[in-house]
Amino acid sequence: MLQPDPGSPLQPDPSSTTTEPLSESSLLKDGTENSSCKNGNVGTAVTKESDSREFTSTSSPKPPYCALSAGRKRFAITIITLVGAVGPLSGTMYLPVLPLLAREFGVSNTSINASVSLFMITFAFAPLIWSSFADYRGRRPIYIASLAVFVISNLLIAVLPRNFAVFMILRFFHAFGAGAVVSMGAGSVADITEPAKRGRKMSIFLLGPQCGPVFGPVIGSALGGAASWRWIPGFLALVSFLLCLVIIFCLPETLRYRAGNGRIAQEKSWFLWPPRLVSAVVAEHERGPKPPKPTLKGYWKLFSYPPIGIVSVNTAILYSTYFAISVALPYALEDRYGWTTTTVGLGYLAVGIALICGNLLGGHFNDWRRVRRVAASPGAEVEPERRLEDQIWGVLVCVAGTAMFGWFVDRSIHVAAVLVATFLAGFGVSWVFIASTAFLGECVPLQAVGAFALGNMLRNPAAAIASVVYPSLKNKIGIAWFFTGFAIFDLVAVGSAVIILRRYGPYWRKKKSQASGRLSQNGRT
């Protein structure tokens, strides 16, 4: 039995095709999409695809995957990218002023560092709550609600009298509001971008979340040093408020279950008036497939589906490597090379540029390879795991940069060599991330935001663990062997994951498709 492509906004005419839509009950019972994962479409038993054709009907022209104009799609991705940078940016802007905050609130360094841990933990788990609504109720309401929480909490931090308990409570809400935008932004990009171009568009979006931590310390030290630490939450409140206004008045709903392919939005003005906080629903025949209702059981089923769980763990391991280098870098630059607190922030620019280059080049390369595979494959069928094969090149670069960083710092090699090593590590991590993100968006399109949220949930705790174990292990085995061990671990973990998914991915898809088929039959009886 065939079912419609999840990306298609229109249900095919029964008179012109034998394709039968999947029953809604099977989606709600399964908690994840029916999945054969062909060409990035879970629940499609056989997908015949070219880069410009997702579904062909003999009775009428095929509607576009997304009806929004090219300019409007570029505008949407730009806004989503900027919003995606807000959360990671806000988490790192406070780092340069932590000693100042400890003095301001009259607490110990350990207590003020707890605010960072609180932010990271909340930022890790908040997306699971937000995404459960974003995949079902729409993207726009969640963007607006989460940014409203973010704006209010930052504004209160900026104006309320000094009280450490109140500061910690507001930091919790600050992180909770920021936690929605990264995973939801990736879902929005998947909504409006066909699979053939998804890698490139994801690479643009990821510039925001990945560059936020790089430029956050630079901006935070500038604001905290030149004026007052209260300018940091004030700056964040102002920027996020302006972005929220743009979303309210200019960003249409993109969730395909509610907006279809965006035809209705394209027929209207760019300026949405009157603005609607609740997303309107298009006619039944124009909607995309209905996603599963959000439940804890559904999240567990999503994570326990081996391809999703393996890729999520993989990205968490790579992110912990990147974070360990970020933690070690300022100490290395100050202790080994005599850099000042002000100039240390500039040392992060190398890895920031690397993230940008890795995103853009990795996304284009990943899509280019996919197009070639589609053209060379009989029946134009390409398994989504083929995207992960390109991770090998990225992890090799990351491994080289990670090991080089440890040995260069240990031997006090010229600082330029150290920065080159951080560039290589950042480039490799970014290259791997873009392939993973494109894979997740294609493998579970009905729960894309949930899949990205699960990956984010694992990354932050992994980064926290890396920052905790780094000082003690460095003192025991030295910085050179610490990062050499990290590099070997990365190579084994990512390499094994690619081999396992390439070998067993078809089996897992077949098994899941059969199980979903049984649920579908039970739902009709």
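Every residue, even glycine, has its Cβ placed from backbone N, Cα and C.
Just so you know, TrEMBL annotations never went through curation; they're auto-generated.
Per TrEMBL, compositional bias 'Pro residues' is recorded for 1-12.
Residues or ranges marked as compositional bias 'Low complexity' in TrEMBL: 14-28.
Taken from TrEMBL, the feature compositional bias 'Polar residues' applies to 33-44.
The domain 'Major facilitator superfamily (MFS) profile' feature in TrEMBL is assigned to 76-505.
As annotated by TrEMBL, region 'Disordered' applies to 1-63.
Feature annotation from TrEMBL assigns transmembrane segment to 75-98 (among others).
With a threshold of 8 Å between CB atoms, the same-chain residues lying at least 6 positions outside the transmembrane segment (110-130) that come near it are 87, 91, 94-95, 98, 101-102, 142, 146, 164, 167-168, 171-172, 174-180, 182-184, 299, 449-450, 452-454, 456-461, 463-464. What TrEMBL records for 110-130 (among others) is transmembrane segment.
According to TrEMBL, the transmembrane segment annotation covers 142-160 (among others).
Look at TrEMBL and you will find 172-192 (among others) tagged as transmembrane segment. Beyond its flanks by at least six residues, the transmembrane segment (172-192) meets 66, 68, 73, 76-77, 80-81, 83-84, 86-88, 90-91, 118-120, 122-127, 130-131, 134-135, 139, 142-143, 146-154, 157, 198, 201-202, 205-206, 208-209, 233, 254-256, 259, 262, 437, 440-441, 445, 448-450, 452-453, 455-456 of its own chain at Cβ-Cβ distances under 8 Å.
The annotation transmembrane segment is assigned in TrEMBL to 204-225 (among others). Same-chain neighbours of the transmembrane segment (204-225): 77, 80-97, 100, 182, 185-186, 189, 231-232, 235, 326, 341-342, 345-346, 348-349, 351-352, 355-356, 359-360, 363, 430, 433-434, 437, counting only residues six or more beyond its ends whose CB sits under 8 Å from a CB of the stretch.
For the transmembrane segment (231-251), the list of distant contacts is 75-76, 79, 82-83, 86, 89-90, 93-94, 97, 140, 143-144, 147-148, 150-151, 154-155, 157-158, 174, 219-220, 223-224, 270-273, 275, 277: same-chain residues at least six beyond its ends, Cβ to Cβ under 8 Å. The annotation transmembrane segment is assigned in TrEMBL to 231-251 (among others).
Here TrEMBL flags 302-325 (among others) as transmembrane segment.
Annotation source TrEMBL lists transmembrane segment at 345-363 (among others).
As annotated by TrEMBL, transmembrane segment applies to 392-409 (among others).
Beyond the transmembrane segment (415-440), the same-chain residues lying 6 or more positions past its ends with a Cβ under 8 Å from any Cβ of the stretch are 186, 198-199, 202-203, 206, 210, 307-308, 311, 314-315, 318-319, 321-322, 325, 329, 332-333, 337, 339, 347, 350-359, 361-363, 366, 384-385, 387-388, 390-391, 393-402, 404-405, 408-409, 448, 451-452, 455, 494. Marked as transmembrane segment by TrEMBL: 415-440 (among others).
What TrEMBL records for 452-473 (among others) is transmembrane segment. Cβ atoms under 8 Å from those of the transmembrane segment (452-473) belong to residues 117, 120-121, 123-125, 127-128, 130-131, 179, 182-184, 186-187, 299, 302-303, 308, 311-313, 315-317, 319-324, 327-328, 436-437, 440-441, 482 of the same chain, restricted to positions at least 6 beyond its ends.
By the Cβ criterion (distance under 8 Å, sequence gap of 6 or more), the transmembrane segment (479-501) is not counted as touching the transmembrane segment (345-363), fewer than 3 such pairs being found.
Comparison of 75-98, 302-325, 345-363, 392-409 by number of C-beta pairs under 8 angstroms to the transmembrane segment (142-160) places 75-98 first.
Here the domain 'Major facilitator superfamily (MFS) profile' (76-505) has a mean pLDDT of 84 out of 100.
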